[in-house]
Amino acid sequence: MYSPKRVKLNVTSGMRKRPETGENNDDLYPPTALARNGISPYFIGKPRRKIVVETPSDSAQQQPPFKSRSQQNGLDDELDGIIIDEDEDRTVDVSFSQKQDTRKLKSRPFLGEKSSFKLGEIPKPKEEKRREEPFTMRGFDFGSDDKVTKIRDKICDIVDPTNARRTDPNFIRQMHENTLKGIEVASNPHFKKTRAPTKNRAAIQNTLGTLYPSFTTAAGQDPQNSKFQVPLDRQSSSQSIGSLAGIPPARRAPDIPKRCSNPLIRKAMGMDTEGGGKDEKMSGLRAEPTLKHFDENIISLIESEIMSVNNEIGWADVAGLEGAKKALREIVVLPFKRPDVFTGIRAPPKGVLLFGPPGTGKTMIGRCVASQCKATFFNISASSLTSKWVGEGEKLVRALFSVARLKLPSVIFIDEIDSLLSSRSESEHESSRRIKTEFLVQLDGVNTAPDERLLVLGATNRPQELDEAARRRFQKRLYIALPEPESRTQIVQNLLVGTRHDITNHNLERIRELTDGYSGADMRQLCTEAAMGPIRDIGDDIETIDKDDIRAVTVMDFAEAARVVRPTVDDSQLDAYAAWDKKFGCLPPPSISR
């Protein structure tokens, strides 16, 4: 059985040294013998480098560093059958001729051959200095490029605006050469732009004296003779320092803190709390101490809900509803105009609920109240007091009442209040319950003053869904019923103002009979449909007909419109409203003819 022999690694050549015993390679393990000879395909040792044998002409010029030619030839024959073993501490001196061709000394790694380099001859590549080749232009003619041609044409327009030299061949050749020269200079990577020479003091002073001959300093002196002039050159440092000796040192301005616009950052830095942000003057509602705990975006959101009533709406614009209008005058208008009279037991209620079928004018009554009481009117919906962030809804409700108390007298009108103050149940979300609780506390809680002129006016068409606590806080619950026959006649007369018609009192009686059970919104839609009757009779002549030639609106148009526009309120809903008003209402139900 073959067994591998322990061999010693040759440090110089990287080969394994032959065993000292005279055994034959045939007696060794085959892979060991192949690896020892350096011809095994599995040999993973350090690869040897083969030195290309020199030509006779080159070898004749090179002299051996240690031995003569005869001794060297004998040494070459001796090295054909042995492997040189060198010690690690031995150093080899190598010298080459400067005229030797470096291409013949290239070495390449190989496997399976014996080393044939001479003793002391270790190839070393010759270092060559890299010469910097001069920049040369490409063979492409950039002068014929489209962009270059456009630029050259613009330059020609500046140089020769009259086009007198455009046909001159010398001018064309000169412009073409200048273009190529400019491209060559701009494309040269070694090109460095020369800096303009700096002007000395005398040149600058002469220039200033030429441009501004009558210029003097604030003291009336000549700027050239002034002792406060700044040195313009650095040639004499002693003169520069001497000229600045009389100038007092400039004091550094104190650092002015920048105003932070992000409310979250301002709150984190303590700039919105008491004692913070003293360098900044707060203005508007943000300066109020009661609003210091709210963010600026919350206050801005509440301010955006303040409605300015540009068109004044009177009680006469609200047809019918005499009982509701009388109650609202006593609750809202008169206490706001005479707060000295309505005090103590005469203090008005803080909550008024308007309920009834849709389209009866509840929102219009709210606009009329805002116009008549001359108070700050907040038009609030459920979306104004809700947020996707937990806890923000309660802050919005609290901020709403805080801003309203700062702008007394105030009226907070909440349309469709049932979506905000519906009955609390176990299945509702916790955030909705907290918003309702905060609203009820702000409406009538411990911190509310009894004589403050703040009114919450709510409107809903589903009063049976309101929470019990909310129903108690609305002391006045007014039923806004369907318009009575006289109210429907008044609505038709108000809507036909400005429209040509032939409606008489007898026709109004006919319209009153046709519109039984109609709400205020249904009456408006009926009048709009009747007013379109004359327009439909014109047909295709609408583009050419004169406005005065359009016929008037008649009772027949109302009869045709009544066939299209039907009442939107069901009798069962009217019965439910009447039952709730009988149980919780504050006004006697009006008599409605059906």
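Keep in mind that glycine also has a Cβ here, set from the backbone N, Cα and C atoms.
According to Swiss-Prot, the region 'Disordered' annotation covers 1-79 (among others).
As annotated by Swiss-Prot, compositional bias 'Polar residues' applies to 56-73.
Positions annotated as region 'Disordered' by Swiss-Prot: 239-261 (among others).
Annotated ATP binding site per Swiss-Prot: Ala319, Gly359, Thr360, Gly361, Lys362, Thr363, Met364, in sequence order, evidence recorded as similarity to another entry. Of all the Cβ atoms in the protein chains shown, 26 others lie within 10 Å of the Cβ of Lys362 (ATP binding site). DSSP assigns Lys362 (ATP binding site) to a helix in the three-state reduction.
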Query raised in the report: What are the other residues, in sequence order, whose C-beta lies within 8 angstroms of the center of the C-beta atoms of Ala319, Gly359, Thr360, Gly361, Lys362, Thr363, Met364 at the ATP site?
Result: Val318, Ile365, Ile480, Ser519, Gly520, Ala521
Requested in this report: Tell me the Cβ neighbour count for Thr363 (ATP binding site), meaning other Cβ atoms within 10 Å of its Cβ, over all protein chains shown.
Outcome: 15
Requested in this report: Express in Å, rounded to the nearest integer, the largest CA to CA distance found among the ATP-binding residues Ala319, Gly359, Thr360, Gly361, Lys362, Thr363, Met364 named in the record.
Outcome: 13
Report task. Rank the binding-site residues Gly359, Gly361 by the number of other Cβ atoms within 10 Å of each Cβ, and give the residue at the low end. Result -> Gly359
Query - Under 8 Å by Cβ from Met364 (ATP binding site), same chain, sequence gap 6 or more - result: Ile313, Asp317, Val318, Gly520
